[in-house]
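Undergrad: Quick one: structure below, then a few questions.
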Amino acid sequence: MQAPSTQRVIVGMSGGVDSSVSALLLMEQGYQVEGLFMKNWDEDDGTEYCTAMDDLADAQAVCDRIGIKLHTANFAAEYWDNVFEHFLAEYKAGRTPNPDILCNREIKFKAFLDYALSLGADLIATGHYVRRRDIDGRTELLKGLDPNKDQSYFLHAVGGEQIAKTLFPVGELEKPQVRAIAEKYELATAKKKDSTGICFIGERRFSDFLKQYLPAQPGDIETTEGQVIGRHHGLMYHTIGQRQGLGIGGLKDASDDPWYVLRKDLTRNVLIVGQGNEHPWLFSRALLASDIYWVNPVDLSTPRRLTAKVRYRQSDQACTLEKTENGYRAVFDEPQRAVTPGQSVVFYDGEVCLGGGVIETAQAWYEDAR
């Protein structure tokens, strides 16, 4: 294995504290470190929703502080073609996609990695809270040490070959430790708030953003019995398990329990709702997934006992995974709430992230009980 002092590493600098500390730690470990700030969205309305200029200034301040060069690259065209158009297509089809997962696969671990290698880098590094392990000729993706910050869910579609060319310096740390290091070295990002939400939406209301690209198609809101109790502005604005923004209230003979989105009937353009956080239609026993990406090849010649997450920050859920003619079927030991088509299911074997795919359909718990 090459000594760090002979290896050139380019760190993806986002202007946040995690990538800042990643660059600092790699320097301390003896690597030849440079930074790269990538711009993935071109603001066309003059209001700088993505705060790209502020983030670039913060990244530059950190690089100046620790004495490394900062490259810049614009991957907006790649982002539009490989992430954003898919994002719109999924919403148009009535599903709820996760663009961060595609961004990691197509931009950070493809466009950025390729560009860094073209600059002469041996490796790249990011501020993700994950770890890697080289074992038996392959590179595994492991959960980050901090369970509150583990980001393996978002990196499940990145292949082992890409993981093998990446360092994750903060994956072995907990978030408070990272902030403490940034403060100790007086980095400009030490107290910077973590970014939330999707870059290209920024602080705008999601519905306002989506209206710019997709025409709204209003339709009926129905109960599970087929009673029309309201109107929706477009199925794309709603997701399974949603409670807020339905505009339902004051119905005769209805209880005071809150209403939740249970289903989206795409054929009829109808939103199906029900009352109560424990409504049986909210819970699923099994799901079918497609577009599966494995970090490394996985043997599913027979059903396999694993754990899974159907959303970020969910605790590990025991399941049995099997390959079928129609995709991959996961059957859970316990009912899963608000399993959402378009979102990702990610599979684990202990601390190893095996990979995952897109949820196509969910089998309701009550259907299984019949």
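Quick reminder: no glycine exception, Cβ is built from N, Cα and C everywhere.
Heads up, here are the entries from Swiss-Prot:
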- CYS103: active site, nucleophile (ACT_SITE)
- CYS199: active site, cysteine persulfide intermediate (ACT_SITE)
- GLY12, MET13, SER14, GLY15, GLY16, VAL17, ASP18, SER19, MET38, GLY127: ATP binding site (BINDING)
- CYS103-CYS199: disulfide bond (DISULFID)
- HIS128: site 'Interaction with tRNA' (SITE)
- GLN343: site 'Interaction with tRNA' (SITE)
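Could you place the listed features in the three-dimensional structure?
TA: The Cβ of CYS103 (active site, nucleophile) has 25 neighbouring Cβ atoms from other residues within 10 Å, across all protein chains displayed. DSSP classifies CYS103 (active site, nucleophile) as helix under the three-state reduction.
Annotation for GLY12 (ATP binding site): same-chain Cβ neighbours under 8 Å, separated by at least 6 residues, are SER19, GLY35, LEU36, MET38, LYS108, PHE112, ILE124, ALA125, THR126, GLY127.
Under DSSP, HIS128 (site 'Interaction with tRNA') is assigned to coil, being neither helix nor strand in the three-state scheme.
Within the same chain, the residues at least 6 positions away from GLN343 (site 'Interaction with tRNA') whose Cβ sits under 8 Å from its Cβ are THR96, PRO97, ASN98, VAL310, ARG311, VAL358, ILE359, listed in sequence order.
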Undergrad: If one looks at the chain holding GLY16 (ATP binding site), which residues at least 6 apart in sequence have a CB under 8 angstroms from its CB?
TA: ASP55, ASP58, GLY127, THR189, LYS192, ASP194, SER195
Undergrad: Enter the number of other CB atoms within 10 angstroms of the CB of SER14 (ATP binding site).
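TA: I count 23 other Cβ atoms within 10 Å of it.
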Undergrad: Would you please pick out, from the recorded positions ASP18, MET38, HIS128, the one with the fewest other Cβ atoms within 10 Å of its Cβ?
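TA: So among ASP18, MET38, HIS128, the recorded positions given, the one with the fewest Cβ atoms within 10 Å is MET38.
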Undergrad: Please classify the secondary structure at ASP18 (ATP binding site) using three-state DSSP.
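TA: ASP18 (ATP binding site) sits in a helix per DSSP.
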Undergrad: Under a three-state reduction of DSSP output, how is GLN343 (site 'Interaction with tRNA') classified: helix, strand, or coil?
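TA: Coil, per DSSP.
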